[in-house]
Structure formats: structure tokens, C-alpha cells
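Colleague: The structure under discussion is supplied below as C-alpha cells; questions concerning it will follow.
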Amino acid sequence: MKKIFLFIGAILFSILFHKQGVGLNLSIFSFITLILLVIFNKSAFKQKSTLAYSVLYLITAITVFIYNNSLSIIANFVAFFTLVGQVSEQNSSIYINWINGLYTIVAGYFHRNFNINETKQKVISNKDIDYLHLIKIIGIPLALIIVFICLYKNGNPMFNELVNKIDFSFINFQWLLVAICGYYLLNNICKPVIIEPTTTLDINTGNYLSKKGEINIGDLKKEHQFGFILISALNLLIILFLITDITYLLTSNDLRASTFSNQVHSSIYTLIASIVIAIIIILYFFRGNLNFYSKNRSLKTLAYLWITLNSILIVNILIKDFQYIYYFGFTYKRIGVLIYLLLTVIGLITTFIKVKNVMNFWYLFRINSLTTFTILVTCATVNWDGCITIYNLNYAKSMDFKYLIRLSNNNVFTLINYLDDHNLDNYKNSVIRRKYKRYLKELNAKSWQEIQFDNFKIK
Amino acid sequence: MNVPITIIKATGLSLIIFWTIAITEDFSLDMIPLVLLSVIPISICCSLTICLTIAPFFWSKKGKRNLETVYNSYFPFYAIALFGLCVFSTIESNFNTYGIAFNTSAFFTALKTWSWLAEPKKIK
């Protein structure tokens, strides 16, 4: 039964992907893989978390069909191996799901076939097929026949003619190879595997810190003193930086794009360094028994203050980025800055929770990986090219028109609608129409496997 | 764990995978000597890969009981890293048929080699 499903899946895989671009095929493939996963792993799909990952996977599959851009394809791949990893082990963290999922997709078959029975110390082969014998009875005669055909070909012109008439062109070998790849992939994922001992270690690692050995008050006092001085100095420094930065922001009247760009980007680099160092230092001091030291309140307060000051730094950059967007419109880089700031705020909030609730490093890693994954999937559902185009054309004080033309084809219909409603100069008119025509030609040339949502708009 | 035998097996497997993919592009009987000659570079590649990247994991842990531990500890990460490298190399080769053939044969042969090396002697 399993083999029939896999066989049908492999044929569909080759029909969908052999010599095709990405489009409807990836969405259909996502549905096929989900169906196969459900059929072979029913118990895993009784868990709500697995269902949630399935929904996210389907969302990314739909976004591939609608937008067909790199972000949606990447999100679909990540959601795919996250789901496969989740099916393999439902209680592990998301980063373990990623590793397990990737491993299953890449080498699940090899892992399952290397199934050692520890008591007997022998490899249990899942199949009783003597491959060596098969090679002997098929491979060697075949190889020898080919060699002799080559020899006889040169010795007899009639035989040569006969051999040359043999034509296998009706068989598409590449199509068959793609089907074999599909079979291998589907066979790998139908019974997901886990990496040991990594998975067990992750399941057994909780989110909370516990006391390590005996508490040495003397050592803790020295560490507390060191932390207090260091974080106090860093707090003072960040306050000084914020004062000067806010003063500059309020007094500067320079509205050149290059000035804004330099300010935002240098602030981002500062922020990256500041936040990373802040989290590392906080993790270092709150890694062990200092969490359980009765007089650690002042150090905790300083850590909270530092987190707050870093948050103010984020707000400061957010204002700069919004100003930049207000005057010069959206670009992918400016949106990237906003997403980075969102991730940073979440990172700081989780660090605050870590210190407050005496949690460990793995808590931070788990929650932040999950957040990153959620944001990736959410971002994939947005037509960024369309958003950028709508905002820049309608609301930005000034903008780079060529930038809009350079964006992917997801903004073509927005541009053409804008052109219909507004009187644009000849240059803009011709450039938009050229992009539109090129896109229509591209859409019309697509095979059924490659079609996307925009194909239905033009019919 | 028998390295010389494994190298011979790996060469055979690699040869089959490589030429199975390569001949889908174009095949004529004149290519037979080329197929036979390709055993030399393929065996060199297999020997180097096995001796430098796979066997050291097993040499570092001696004793039969450790074979499974070595396999379970290192094979998954090796497989993931190798997959990444092969995908990267295939993209870099601009999806050229010979590039795909080389990377596919390298990937599957290396994974199968792990099983051959980790396989303890069968009890009959």
C-alpha cells in the first residue's frame, strides 16, 4: 500500500517538476506531501502543534501560488522541514525540528535502513534482497553485452547498421530520474526520523535554571560586584549616547536621502552590536547561581534598566527609519530595518523574561527561533512589492521611480492601474507599459505547472 | 569496517550513478571507453573522500560497540552538510548535467559508504 502511494507520488513529482519553473506545482506538491505525512503518521497529527505547523505550511504553499517570489519559496521550504521535523518528534524545540526535518528529507532512507539491533549486534536489513547477486546477474551480463556489441559493431557493417537503428528516444530518462528523486524524497518523509542523542537531550532540557552545586557566597559577591560595575558603566554610556543622538535628531534639518541613509544604517550597526553584547553580558551574569543569590536585586534592576535603554535606542532608530520612509518612500532595506527592529524588541523582551523568571539560555533560543519562524511565514504572506509601490506612488514625499520598475512583477498590476488613473509623463508611461507587456508575455508562456494567481487576472 | 573493500564498492556505486545520469543527456556506444576510463578518477575521488572525510570518524572511536554511536552521532550532520555542499555546487555548475551527475553520485555514495563502514560483521 505504502509503495503504491509513493509510486503515484513519484510520478506526480516528475509531472510537476521535470523541466518546469516554480508556480502551481510547488503548491500542489505541498498538498501531496501533507497528505502523505497524514496518511503515514496519523498519531502525530492529533497534536495541536502539528496541526498549527500544517496550517502554516499550507499558507506558505498558497503564497507561492499567489506571489511566486523568493521569500514565499524560502518560507515554504522552511515550513516544510519544520513540519517534517515536528512529525518526527512532537515535543522537541523548533530548531530541533529544523534539524530533524532536514535530516529526514536528506537521508531518512539511509537512517531507517541502518537499524541496529543492539542485543544481537547486527544490522537488520529491512529487505531480504541480495543486491550483490542482482548486480551479478543483471549488471555484469549487461556490461559485457555492451562491450561485445562495441566489438562486433566494428567488425560487421550490417550489424553496425542494425545497432545504430536502435532508438531509445521514446523513453525520457531524465523524466524517470526526476521520478526516482521524487520517490526517494517521499520515501524519506513518509516515516520521519530523529537525530539522537540531540533530540532526547532537547526534550530533557527544561526552560528553567536550577542551582549548580553549593552556593559559594564569597564568589557570588565578587561576581555580583563585577557585574554591577560593568552594567552600571554600560548604562551610563548608553544614556550619554542616547542624549547626543536624540539632540541630533531634534536639531538636524538635513533632509538629504544620503544623510538619512547613513544615519539609519550606522544606527543599525550600533544597535546590532549593542543588543548582541547586551544579551551576551546578561546571559553571562545570569547563567548560574547568581540568579539564586539573595542580594542580586540591584544587578537585576541594572539589567532591566539596560534592556529599557536599549529599547529606547530601538525607538530612536524607528523614528529615524519612519522619517526616512516618510520622505523617500519604502524600499526592501527600510522594511528589513523594521523587521530587524521587531525581532530585536522581541529579543529584549524575552531576555527580560529570562532574567525575571530565572530561565536558561535554551528558553531564549527556543522562543526566539519560534518567533523568527513565525515572522518569516507572516512576511511571506505580504505582497511587499505591491505595498512598496502603493505607498511610494501615493504617500511618499519623493521616490525613486526606477526602483519601482526594478522590483519583481508583483507590482505590475498596481503600476498599470495607477497609470490608468493618473497622467504620467511619456517616459514613465512607456516604462510601465513595457514592464506590463513583458509580464503578460511571461505569464502566457507558462505551462500549467508554472501558472500562478496572476494568470487568472489576465483571463 | 573494511576500508579497501568499501572503496571498491563506493567506486562501483559512484560509477553507476554518475553514468546513469550523464547518459540521459547524450549517449553513444563510442562513450564506452570513456566510461571504463572514468573508473580511475572516480576511484581516486572515492578513496580521498572516504579516507579523509568518513573513515576518520570511525578510526577515532575504536571497538565494535562504538560503530552505532559513531554513526548516530556524526552521520546526520555529515549528511546535512554534504547535502548543502552538493546543492551549492549544483547551483554553481548552473545545473549542468555532468555537474548534477557528479554531485548526485558524490552525495549518495558518501551516504551509503557510512552504512558500509558502520556495518558490523553479520552474524549468520
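Placed from the backbone N, Cα and C atoms, the Cβ positions cover glycine too.
So TrEMBL has the following annotated:
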{"type": "TRANSMEM", "residues": "A:27-44", "note": "transmembrane segment"}
{"type": "TRANSMEM", "residues": "A:56-81", "note": "transmembrane segment"}
{"type": "TRANSMEM", "residues": "A:93-110", "note": "transmembrane segment"}
{"type": "TRANSMEM", "residues": "A:131-154", "note": "transmembrane segment"}
{"type": "TRANSMEM", "residues": "A:166-186", "note": "transmembrane segment"}
{"type": "TRANSMEM", "residues": "A:226-248", "note": "transmembrane segment"}
{"type": "TRANSMEM", "residues": "A:268-286", "note": "transmembrane segment"}
{"type": "TRANSMEM", "residues": "A:298-319", "note": "transmembrane segment"}
{"type": "TRANSMEM", "residues": "A:325-349", "note": "transmembrane segment"}
{"type": "TRANSMEM", "residues": "A:361-384", "note": "transmembrane segment"}
Colleague: Restricting to CB pairs under 8 Å, which listed stretch, A:56-81, A:93-110, A:131-154, A:325-349, A:361-384, is in contact most with the transmembrane segment (A:268-286)?
Modeller: A:325-349
Colleague: With a Cβ cut-off under 8 Å, give me the same-chain residues at least six positions beyond the ends of the transmembrane segment (A:27-44) that come close to it.
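Modeller: Here the qualifying positions are 2, 5-6, 9, 12-13, 16-17, 50, 54, 57-58, 60-62, 64-65, 76, 80, 83-84, 86-87, 90, 186, 189-192.
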Colleague: With pairs fewer than 6 apart in sequence excluded, do the transmembrane segment (A:298-319) and the transmembrane segment (A:93-110) have three or more C-beta pairs that lie under 8 Å?
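Modeller: Result for the transmembrane segment (A:93-110) with the transmembrane segment (A:298-319) is no.
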Colleague: Report, as numbers and ranges, every residue of the chain located at least six residues beyond the transmembrane segment (A:56-81) whose Cβ falls under 8 Å of a Cβ in that stretch; write 'none' if there are none.
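Modeller: Result: 22-24, 26-27, 30-31, 33-34, 97-98, 101-102, 104-105, 373, 376-377, 379-381, 383-385, 408, 410, 452-453.
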